[in-house]
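Annotation comment: Swiss-Prot describes 1-38 as region 'Disordered'. Taken from Swiss-Prot, the feature compositional bias 'Polar residues' applies to 13-26. According to Swiss-Prot, the phosphoserine annotation covers S25. Per Swiss-Prot, GTP binding site is recorded for R133, R142, E176, K177, G178, N179, R203, R232, and the stated evidence type is similarity to another entry. The 5-phospho-alpha-D-ribose 1-diphosphate binding site annotation in Swiss-Prot covers R186, Y238, P239, I240, L241, S242, T243, G244, N245, T246 and rests on similarity to another entry. According to Swiss-Prot, the feature uracil binding site maps to T299, H300, F301.
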Amino acid sequence: MATELQCPDSMPCHNQQVNSASTPSPEQLRPGDLILDHAGGNRASRAKVILLTGYAHSSLPAELDSGACGGSSLNSEGNSGSGDSSSYDAPAGNSFLEDCELSRQIGAQLKLLPMNDQIRELQTIIRDKTASRGDFMFSADRLIRLVVEEGLNQLPYKECMVTTPTGYKYEGVKFEKGNCGVSIMRSGEAMEQGLRDCCRSIRIGKILIQSDEETQRAKVYYAKFPPDIYRRKVLLMYPILSTGNTVIEAVKVLIEHGVQPSVIILLSLFSTPHGAKSIIQEFPEITILTTEVHPVAPTHFGQKYFGTD
């Protein structure tokens, strides 16, 4: 099961103890820290998601600089083809309590895969600039498969009865009909095979969003969906969430085709805090499923996956 972000009901005073041996003391907390308790009781299954809302642009890692990210255009080929590629400046001046309040608002919508060493290794290889393209693609496909599997777990099932080869009646479940996938080109297409490996007959639509050369605003260049998409639940595939702008435009197009945000599940590998917040603030009913929330997004994903780096 995916894990929801949670914040404490209130911040402890400087002279109060936190009633958990695994929770950092108030002195150890930094503005913007969110404590995430994954499913499982052992120490290895616990992780901290750091929302670095106090960083100014000048103190961000070099990877967040617009030059390092390859420019500020949305979904441009020059910036890894990951689409959501405008440079990310973490908002400054927000307090921890403000982040907690926001996390309460999005807690049920932002879901994280439970962290373990396997997922952590895959994330590490994907972020490693020295990784070969073969290792990168292998690790990316594995991580995509894990995200897709959990995404399918968010879809509705219904009970059914089957008969085994020995004549035994077995009570099980099966998918309710009416699901589809939509990939945001180009990087979202990397996730299509993972979805087809799990659902051989699922229908997949596509949408292409790029920045306008004159206005630099996101513009929809192509959209093709199943004709009855308004009756389906949608797995929206986009591996890297940086600013969230591309996904916001894609959801607007889906809404124009009759899709309700409440039936959209966004499948992502990596997200920045700003990207997740922007999407949820725009569409509070959408569900975001990702493996990591981190201020540095691996925006090279699309270029390296498709061999255009």
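The backbone N, Cα and C atoms fix where each Cβ goes, glycine too.
Looking only at Cα atoms, P239 (5-phospho-alpha-D-ribose 1-diphosphate binding site) sits nearest to H300 among the binding-site residues R133, G178, R203, R232, H300. The number of other CB atoms found within 10 A of the CB of R142 (GTP binding site), across every protein chain shown, is 16. Of all the binding-site residues in the record (R142, K177, R203, R232), the one with the smallest CA separation from T299 (uracil binding site) is R142.
With respect to R133 (GTP binding site), the closest of these binding-site residues in Cα terms is H300, chosen from R186, L241, T243, N245, H300. A coil conformation is recorded for T299 (uracil binding site) in the three-state DSSP classification, outside any helix or strand. When the C-alpha distances from L241 (5-phospho-alpha-D-ribose 1-diphosphate binding site) to the binding-site residues R203, R232, F301 are tabulated, the minimum falls on F301. If you draw a 10 Å sphere around the CB of N179 (GTP binding site), it holds 20 other CB atoms from the protein chains shown. The DSSP secondary structure for R142 (GTP binding site) is helix. Ranked by Cβ neighbours within 10 A across all protein chains shown, the binding-site residues R133, K177, R186, R203 are led by R186. Of the candidate binding-site residues, R186, T243, N245, H300, F301, the one lying closest to E176 (GTP binding site) when CA atoms are compared is R186.
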